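A.B. asks: Got a structure for you, written out below as structure tokens; questions coming shortly.
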Amino acid sequence: MAPFDLVIFGGTGDLAMRKLLPALLHRFVDGQIGTGTRIYGVARDARSDEAYRGRVREAVAGIAAADPRVAEAVDAFLALLHYRQLDLASEDGWPAFAEEIGHGPDRVRVFYLAVGPSLFANVADRLASVGLAGGGTRVVVEKPIGKDGASAQVINEALGRVFEESQVFRIDHYLGKETVQNLTALRFGNALFEPLWKAEHIDHVQITVAETVGVEGRAAYYDKSGALRDMVQNHLLQLLCLVAMEPPASLAADAIRDEKLKVLRALRPIGNGNASQMTVRGQYRAGAVDGQAVPGYLDELGGPSHTETFVAIKAEVQNWRWAGVPFYLRTGKRLAERMSEIVVTFRRVPHSIFGDPADGSASPLAPNKLVIRLQPDEGVKLWLMNKVPGPGGMRMREVAMDLSFAETFGGRQPDAYERLLMDVVRGNPMLFMRRDEVDAAWQWIDPIRAAWEAGHDAPKPYTAGGWGPSAAVALIERDGRTWHEDAQ
Ligand code: NAP
């Protein structure tokens, strides 16, 4: 890739150290980032380039230790890094910063806003005032894009005053995951699935994003957000869109984003009248995760709170393709397992020739399932009914055809940020959210939150290390279905 400049505002923060710089290092190792590229970390502390490089060296020590190719490349990568002290909330220091960054008008310049959204407007205005907002400039913004529709608009308008929409890259790192991109490949690269991809043949869809971690010392920050805003508004709805969208005409960014937008706009509204039947929110209590005792959310926060650390929703896409097909979404912290997956459950066969489960002459035929595992152990399983080998009559059992990414493709699975950062440099917005998508997602989310607030009832407690409140099990079981559990 031609040399470029990447400025990480918030270059000493958790996101920069844990995700962005390791991702850039991997791209460097693979030869995608060449000499001549400059990577700047920006924060308020005074610090030399050398001190910054030392800090990044520590941050990547783990990945360097695990791979000799990375270890060999670290010094050359660190030589691309620089540090600049700048208070993003202030007007001072920008002209000097611009002088350094601004040379080479044709160069691609990426400004990654790895800072809180309250700084976005000032950063956009300052970049414009020092002439750094022109054509070659791209800005990357992280979630949260607002805490509701109104605040998202304020952020998007502040960015829109300065940048064209094509210059703004709103990251949802789930979209950069290999398995999520593979969902598009599976659906539209195979003739097998698309004819069946509709209400006539699909019974329901489940999307689970489960974390074992709690709020990790950031309870005060998390308490202003909660699982609905932090996970559902972006990651889960984006996954739902990719499952439910109509086939786009091409892989062009707007072709895909137009289709995702239609799904968001077709979601059945959930609000005061139906939130109690269609949603469950929970909050973890003390328990044990991976054999370790962990405190409850309120103990970590040190006070009362109605913020949810778990949410389950029965969503419906109101269009011809999906009429009557529920999309069960659930996400939570301090659950039994760290796991994200999409499960598409097909309808049962209309008639079994293998005996009648009602008279005990056969066990019921399980419906086919396509399970797309996003993490860990990325891969795809297709669950099919098979005859159990042997002479014991026609005994049937559910067996998975297993396509493990690690086994099939070998090697390291690149992190989502690697793909996304390189797409920003290339100027390819396919895996980023357009402004109208963000607005449409909030339009669906805001009434759910409003209904919860109007109801005044507390989130349902659940024990850390379980699968959320029992009401989340009831949400799906009262429809005669169950949450998927991998049997093999
Ligand atoms: P963090 O660890 O608190 O880091 C914030 C960074 O911003 C630090 O480098 C901080 O350095 C700098 N900063 C803060 N105020 C500044 C100012 N006025 N001027 C210049 N620099 C300033 O936060 P983070 O976890 O990296 O998250 C950054 C943003 O990304 C947040 O909006 C977060 O919601 C979002 N995000 C994070 C993750 C993640 O995995 N961490 C994932 C998704 C989204 P100084 O204090 O020294 O200035």
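Indices start at 1 and increase along the chain as displayed.
Cβ from N, Cα, C; glycine included.
Because the structure is a prediction, the values reported are computed rather than measured.
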A.B. asks: Name the residue, out of Glu194, Glu211, Glu246, Glu316, that TrEMBL lists for the same substrate site as His173, Lys177, Asp230, Lys333, please.
C.D. replies: Glu211
A.B. asks: Quick one, of the binding-site residues Arg44, Lys143, His173, Lys177, Lys333, which Cβ has the fewest other Cβ within 10 Å?
C.D. replies: Arg44
A.B. asks: Just to be sure I understand the contacts, which binding-site residues have a Cβ under 6 angstroms from any atom of ligand 1? Candidates are Arg44, Asp87, Leu88, Lys143, Glu211.
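C.D. replies: Result: Arg44, Asp87, Leu88, Lys143.
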A.B. asks: Lys143 (NADP(+) binding site): which of the binding-site residues Lys177, Glu211, Lys333 have a C-alpha within 10 angstroms of it?
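C.D. replies: Neighbours among binding-site residues: none.
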A.B. asks: Return the maximum Cα to Cα distance in Å (whole number) over the record's substrate-binding residues: His173, Lys177, Glu211, Asp230, Lys333.
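C.D. replies: Overall maximum Cα spacing for these binding residues reaches 20 Å.
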A.B. asks: State which of the following binding-site residues has the fewest other Cβ atoms within 10 Å around its Cβ: Asp87, Glu211, Asp230.
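C.D. replies: Taking Asp87, Glu211, Asp230 as the binding-site residues, the minimal 10 Å Cβ count falls on Asp87.
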A.B. asks: Given the binding-site residues His173, Lys177, Lys333, tell me which ones have a C-alpha lying within 10 Å of the C-alpha of His235 (active site, proton acceptor).
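C.D. replies: Those near His235 (active site, proton acceptor) - Cα within 10 Å - are His173, in sequence order.
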